[in-house]
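Below is one structure; the comments refer to it alone.
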């Protein structure tokens, strides 16, 4: 995953343009996503698909003709969606178009101006202070023209047409945790799920933030009701503990599944209630949709110093964190995909487990666990408690619960029940 | 307010009589209350309006003719509703009618005998112990005769006939916190609300404790269903933090509003569950009425040492506390009066706030707050969450929420919804 | 109770056989239980009533003819349900049938083999280690033949045919806390309840663990719906604080009653949620029955070192603990039997208690308590809150609440209501 991030890192992405296309092409080398192109100007709910932005080069040259700020050195140097400019100006006029962060004077900040025509350069505050009074040549060789908004999607077909949505954004330039980490983990997750026999169909979206999810929702209104669970994935590569932000519903199955998986893991974690700030869960959880979609992160955006600066680089995302994020997403999907309601077919007193070869057949701790799982499942399986409910209440590992459900089903002691309304 | 308390302090009030009338007359100099007279003997639910009690003078003279206990020095010296007496007696016989508090030997306690014909004097325990054996002349020049129970009420007419009830008692003699403070703050509150354009009608009651609220409820049974919110106000002048005692319902809107206002204030406070002890909330919250009426206090009755003694005097109630009580009552009324449910008219994805001039139009912290309020309101306004619910959940100041609701309504993004049943 | 335990201690009990019959005969000297005999081979739900096991003698003799392990010294020496054996063997062969606990090397562990034909001896680990290589004569003079499963029951007939179930097991040999303590306290409890005028009928079961409750439930399926409350009683004689394990429902009236009684007691206690491990509550709380039956213990099984060893002896159970267990069971039954819902017949404002002779008629703390109880009952009695709900909420002693309910009923202020559905 870190290697994939390294490949994606140099590309200058924005909410439209060639950077997104190149990114999707690289994703396509790993998983067979479909690339969709939506024309500029299309009305999507309250929004309009913007013109497409592309940039070839940009710089500020001093009077000696040296590039003192150079887009080729870092694509963060140009504010995203900057209009084309070619001009000469003194320092004071130039400064109106220069952005820096005095609080982190060594770092280049990340800036955008999607919906106001403007141009600007971003640079380290130290460099800004050191710029001498001079006549500068400014060049942004960009275009902002009718074109397309591009996104990728992959649908893994399961036994049911009900879907699990996994969404990440692809609109950030050379920023690793936000959100190349999400792209890399989502890609790896899709690869892992590809070979599996899954109950749900899994829809992966690789979209520009905000306008991408709005566009997708607008074009797929009739499919939205199929989404039974989902999560947005962002900032999943830093070294911090996992933060899961619950869906607007707060007690959706996906919220319970993440909570259970994180509790079982023994690692530090935080569950946060929904708030209407953040990433594309804002759109999925808008009141008209109110989808059961949470947000899976490590350190949330804006809560790490490197956020939206040149320090969110290849060193900031770490292979073990990426691996742990992938493992926990897989564990959560294992819970969601296998969760079910059962009826105990011998609900009067305990069945005599020995009759079915289920009585402490092996010794040791895991035998004890599996015995516990059998008894909990028999006791709670009245069609109202899911496996996840039982596992959470009994504090049992998921594998023990899954195995027990299978053993009891094979023994004719449990029967699958309809999901209660 | 403290000046008004100073004016009211010398008057000898009880549950009926001239003291109440004088008090109401002084209130009437500030707000146009209606004074109601209910005849003695009227049956009000399980109770009977008592005869009217008036007192002109009372004393205990020693054999030298000196007034050793003198009603003119403190009206606490006579137990309220003492029947008329004029007699000579020795110390031991007299002592059967003397009340003091050995635990606070310097203070005169407050005593009543409303429903048993009796008489008595209250005095400092030190003075009681120092009384020499002597023949004393005892005089209570009082009358207990058919008359009236007197109370005052003021109805500020709002846009709706639904009412907010604010009730305080007027039956205590020279006791400041319990409850001249309530009278003063209620009067000031009524003055402040007078000029405002309010949704609810506001009914202020200035009544004798217990029998007054029972009488009012008995005479106004058909109006009771109009009372949508309310609170009793007592002991609101001492230096302690605010205590709000919830209504019997426990989760009434008034309970949530007080909780929210006190949480937002940053000051120390306590929320207590309902109990059937205390002031007139006992009657408003009797199970047949079960009105959403709480009780707003600073230090609750019986929990400050000065309670029902001569130390509950003009020094014990403090202008800053009175001011703070008034401010918090006003803040709570602002919440109640402006609370409403809305529907987001563009519930699918977030509306593009820039289209309505609502996107971070100004900088700074308050811009951030107002942006948050806009997004919370849009997300939660599905007709089920009130502004108060949203403000509480999002921990937002009321003004930000009110302003956002107005801005979004004007932008056509929110529409008022019916209150859900 | 401790004397009774001393009488019961030497008997070799198991899930069937003469030991159970002798135990029930001794119980019958105190309370008129009916003894029921259920034939071996009867199908009871998923189980079969096992053959009857009886044992006359058992020993291991060394080559010198000395009994080195002797059933007559402790009936724990023989694993319960050991088949008959008479053989000579060397130490290594013998060891396959010897059970000891290396972690408690001085104690004889307790072992059973109900459903696998096998034989074994239990002994202290120290003794096991000290056994010399020798030829041993092994004898278990037992029989395992079609016979009966025996249990005792007592039904105290109350005013209603609705029942409270109190169940304890009688299948453990010389083990005092688990569960002669349960037998002794249940017997004493039945004696105490015998003379009383009770609302509910009380059914006491003295049954072998697991198979006994399964058998009883199987034979009494039509009567099960009469059981409105109940608890299993086990390990109630040790010095630890009380542990109450809630019924599967978790909020049954019996769960609330035990919680309230333990809270009021001022003693340390623990309330645990239901789990499908433990004693016969596993069967009563199987999902097909889901009876409101909890489990009353002091230190739970497996959580005291003496559990299922020879150290669970007459010293381990203590008269004060037995007395406390009896007292708390009686207190809980007092709550359950007298709990009721009432309507306040004067629900509009408080009734004037003086009119009914109920206004602070006596002084002191208990007068204050009884006044509080009157006001709480009047305020909360709207047919939805039981006396137990009110007592719990108001933190009032049960006697005060019962007395207040009676006084208010006699005064015509409260009327019994139907239990809400």
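Placement of Cβ uses the backbone N, Cα and C atoms for every residue, glycine included.
Unlike curated records, TrEMBL annotations are generated automatically.
Among the features that TrEMBL reports, domain 'DUF4910' is placed at B:2-339.
According to TrEMBL, the domain 'DUF2172' annotation covers B:52-143. Residues of the domain 'DUF2172' (B:52-143) grouped by DSSP class, helix first, strand second and coil last, total 14 helix, 39 strand, 39 coil.
Summarising the environment of residue B:308 (Zn(2+) binding site), the number of other Cβ atoms within 10 Å of its Cβ, over all protein chains shown, is 21. Marked as Zn(2+) binding site by TrEMBL: B:172, B:178, B:308.
Here TrEMBL flags B:342-415 as domain 'UCP01524 winged helix-turn-helix'. Taken together, the residues of the domain 'UCP01524 winged helix-turn-helix' (B:342-415) have an average pLDDT of 92.
Same-chain residues that are not part of B:172, B:178, B:308 yet have a Cβ within 8 Å of the Cβ center of the Zn(2+) site turn out to be B:110, B:175, B:177, B:179, B:301, B:307, B:312. Long-range C-beta contacts of residue B:172 (Zn(2+) binding site), restricted to its own chain and to partners at least six residues apart, with a cutoff below 8 Å, comprise B:13, B:110, B:178, B:179, B:180, B:209.
Counting every protein chain shown, the number of other Cβ atoms lying within 10 Å of the Cβ of residue B:178 (Zn(2+) binding site) is 29.
DSSP classifies residue B:308 (Zn(2+) binding site) as coil under the three-state reduction.
According to DSSP, the secondary structure content of the domain 'UCP01524 winged helix-turn-helix' (B:342-415) in residues is 42 helix, 10 strand, 22 coil. Secondary structure from DSSP puts residue B:172 (Zn(2+) binding site) in coil.
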